[in-house]
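Features reported for this protein in TrEMBL:
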type	residues	note
DOMAIN	15-89	domain 'Cation-transporting P-type ATPase N-terminal'
TRANSMEM	69-87	transmembrane segment
TRANSMEM	93-114	transmembrane segment
TRANSMEM	256-276	transmembrane segment
TRANSMEM	282-307	transmembrane segment
TRANSMEM	757-777	transmembrane segment
TRANSMEM	789-809	transmembrane segment
TRANSMEM	839-859	transmembrane segment
TRANSMEM	887-904	transmembrane segment
TRANSMEM	925-943	transmembrane segment
TRANSMEM	955-977	transmembrane segment
Amino acid sequence: MTNENDNGINGIKTEWHTLSTDQVETGLNTSSTSGLSTSEVHERQSIYGFNELAAKGAPAWIKILLRQLMDAMNWIFLVFAVASYYLNDYATGSMLVVITVLNLYLSFSQEYAAEQTLAALRNLSSPMAEVIRDGKHIQIESRELVPGDLLLIKEGDSVAADARLTFVSNLEADEALLTGESIPVAKTTAAIENPNEPLGDRTNLVYSSTVISKGRGQGIVTATGMKTEVGKVATKLNEADDGDTTNLQKQLNKMYIALMGAAVVCVIVVLASVKFNINYDIGMYSMTAAMSVLPAGLTTVMTVTLVMGGKEMTKQKAVVRKLKCLETLGSVTNIFSDKTGTLTLARMVVVRFWTWEQGFFYVQSNGIAPVGNIFPSGDLDTSHLGDEKLTAIDTTPGSSDMTPALQKLVECSALCNMSSIHRRAPADADLALERKTSGDTITSERDNELSDSDCLDDWVASGAPTEVALQVFAHKFSMGKPDLLAQGWTVLQEYQFDSTIKRMSTLCMKNNDLVVFTKGAAERVVPLCSSFTSEDQRQNVLRTVDQLASKGLRVMALAYRSLAMQAEGATALPREDLESSLTFVGLTGIYDPPRPETKTAVDEAHRAGISVHMLTGDHEITATAIAKEINIIDEKAMSAATIRALVMTGTQFDAMTDDEIDQLEQLPLVVARCSPQTKVKMIQASKRRQNVSAMTGDGVNDSPSLRIADVGIAMGKNGSDVAKQASDIILTDDNFATIIRAIAEGRRIYQNMQRFLMYYWICLAAGAIVILVALVLRDPSGRSVAPMSTLQMILIYIGITFPASSLSIQPASKTIMLEPPRPPNENLFSKEILLDTSFYSLVYAIMLCISFFVPVFALSHGRGVIGVDCDSHYEPDGCAPLYRSRASLLVTFLLLSLVTMVHCRSYRTPEWTIGGIKRIVKSRVFIGTLLFDIAALVLFMYVPKANIDGFSQLGISWEWGMDIGLTVVFIAVGDVYKTIKNKTMKPLVRSVNLIQLQAGDEKV
């Protein structure tokens, strides 16, 4: 970090608010037009470090290690190890110490890796900053800012560093985080004389972590990291990890406690069976009984599974900010989505415009490339365009085709606009564009709209999609904003778009003539126009709006007003006075094509039992047309009356009381002219219906609805920092189809966790049942005899770990998006899972009992256990039957654990079919675990010393056949059980084409 003191840089004092912009520029050795150079940035980063606050508390690895040391499971194993040493069983004691250390290491390494992954995921959603460097407008991570950077800020941004403002346009900042003042502060650029001015009154500064609530601006960064005002007082609201414990993890923690209680009960039962007359054999028996119900490392594995699931979702272009949402995704019943950029491409183009004198025009489009001819079309009917040879109008400024009304329409499009476009590289793209626009005839309206792939790489746009479309439109007349500014036009004042009044205006001047340009929603702009001579004219305009909207076009009304006053007087007028007595000039129809994958994604959501709602600022007719195109509204299945009931405007919905909304048969599928307040009201209405809702948003005003939604989804490309911070998930591609993929991934994660836990429960419950049932078996001295040794139990732990892990990363089933949403209050173990667990555990336990009791009686000629204290004093004649029976039990346990893994892959689909066996043979986990189990069994059953002194077992012969036979029986019973369930239980899926599923159609 810097060695400079707090008095400033290069001797300039740090009371930046008292300095003029020129002084700040000189003091920080930067430029207010081109910013810093790349070399200067690197040099300053080496001096000042990254723009981030110092980490609080102990390093992450220490916290994770302490968490693992607090894990009761590790201490239980250590207690068992001490008990083994006390009983002079050094082999078991040493093995338990090794297992404890290994479990500690694996748990620590896995959770540390998971924390690193989670940190990486959070970095993906970290705030970005827009700067000018080397004269170029670029976007960087906020942490890369340095003093002297030229920072650009706009509504919705979280300010990345302290900065001295050099330009503002209606800029206001919410500084409650720093000053406690809840009212946004209007910003200026003028220097302030008082060096001791309170922070909240330094209106020419913006502070790190405060939020831009209105307008836009530009400033020179004066402080970063811990040198910012927020850094000095350490009050930055860091994103907290605490409280991100999922309901699933909470249920697991309760289960953990319950299992520990069960372990204590097992120990007491074993000891009570011998009236607490304890010796070595009984001590080891009670230890084995306790271990049989303790799942080592379960919570760590679950945490890792969740984090890895979040990492997998990142590949699907959905960045998870909060782990809680992973399990909530599987319960989502309603998706409330924006239209522009989410359901559509946000590649807006003006394809139609209308003026009062000349009627409709068709605009040939090439994306954001300002190339394309303009054709008078008379009306909106495009069916004749392929037959008639239409001549393009002359768009040259001053030509006879450029009527005064058309001139004003284009000027309004260019000057009432804050976007910009420029060519990335003037390569030979003209040839491609010429091929697209050659000739003066047209054939199809939409064929040309989407044929812009060759042009997009050459042109770069900055600004809102709607404004970019209008700017491109103006450039086609050689009257883009740069052209008009070069001709003498000056923008004196900007009145930015407001979602409540749905319009924006600019006050412009040329040759001392003042003009107000206004654009916005027709129903908000037309009433402000005084140029209509009759109400019929006004209604004619509104009918034309409906005509354009019926084609799925976003309609913008444009108007202007000439002012006969001085500039100083005009800028002092209230906005409502300027936006009055306007002259109407025309309408533009902007087409934003739906994403190609949107309709498929909407259909997939419907099949998954999820209702899709579109909340948009568009005209009601436009919104309805797009909703029909992407199948949110199904014209074939819905009557006209039903469609009318399911389409509302924001004004209509907001006017309804909660009771009236609750009485609606269904929440509206389309809400047009929607405001942020409408979104909040919609989420609240959805919650009252016990729905689980996902809400998308991108603006600063969307943050309330994102916060109260069950899953808040922010846009990564066009979303504001405030929206991102309020969200649970960030879409890096702003694509609706990504939401559906995220829901499918959330369902997969939850389903795999259920299967993974069911597998653990089946294996542990079966082992516990056998150990407790074996209490009926006594040696000649009347003492209980353990059916398994402690080391055998440890080997079983190892043997079931890999199959369990494979279940946690299993691919999604083909029917996962055909199943209805999971009830949010559903217990971790549903009725069917409890039924499966009980059934498989019981059958598993029966197989284990047969594998143990048959040899122990067969080899002893029906006498059972004939040796006394076999674990501490092995005698070949008396203890061999018991030792071989234990080996037989171990073989069956490990083989059945693999079969159980396969059974747990699905609830009702038989897995041991020909196709299933092929998949099993290809499974690396199954084959690898099988080979490991066979190697371990051979090693520990047939190698002297290891078998008797270590695992208290002996090699088997004919028992192999019995154990394999029991395995085959278990396979058959499991598949028959699934077949019976399929015929007797309610189907899991809503509707499914079984032929497609059997054919392996992944789209289903």
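Backbone N, Cα and C atoms are what each Cβ position is placed from, and that goes for glycine too.
Among 757-777, 789-809, 839-859, 887-904, 955-977, 789-809 has the largest number of CB pairs under 8 A with the transmembrane segment (925-943). Note on the transmembrane segment (839-859): residues 761-763, 765-767, 769-770, 773-774, 777, 787, 865, 880-882, 884-886, 888-889, 891-893, 896, 900, 903, 956, 959, 962-963, 966-967, 969-970, 973-974, 977 of its chain, located 6 or more positions outside it, place their CB under 8 angstroms from a CB of the stretch. Remote same-chain partners of the transmembrane segment (955-977), defined as residues 6 or more beyond its termini with a Cβ less than 8 Å from a stretch Cβ, comprise 839-840, 843-844, 847, 850-851, 854-855, 884, 887-888, 891-892, 895-896, 899, 903, 910-913, 941-942, 947. Just going by CB pairs under 8 A, the stretch in 256-276, 757-777, 887-904 that sits most against the transmembrane segment (789-809) is 887-904. Residues 755-756, 758-759, 762-763, 766-767, 770, 787-788, 792, 795-796, 799-800, 803-804, 806-807, 840, 844, 847-848, 851-852, 854-855, 911-912, 916, 920, 926, 929-930, 933, 937, 941, 947, 951, 953-956, 959-960, 962-964, 966-967, 970-971, 974, 978 of the same chain lie 6 or more positions beyond the ends of the transmembrane segment (887-904) yet place their CB under 8 Å from a CB of it.
Packing against the transmembrane segment (757-777) from elsewhere in the chain are residues 252, 262, 266, 269-270, 273, 288-289, 292-293, 295, 298, 784-788, 793, 796, 800, 803-804, 807, 828-829, 833, 836-837, 840-842, 844-845, 848-849, 852-853, 856, 864-865, 889, 893, 896-897, 900-901, 904: each is 6 or more residues past its ends and has a CB under 8 Å from a CB in it.
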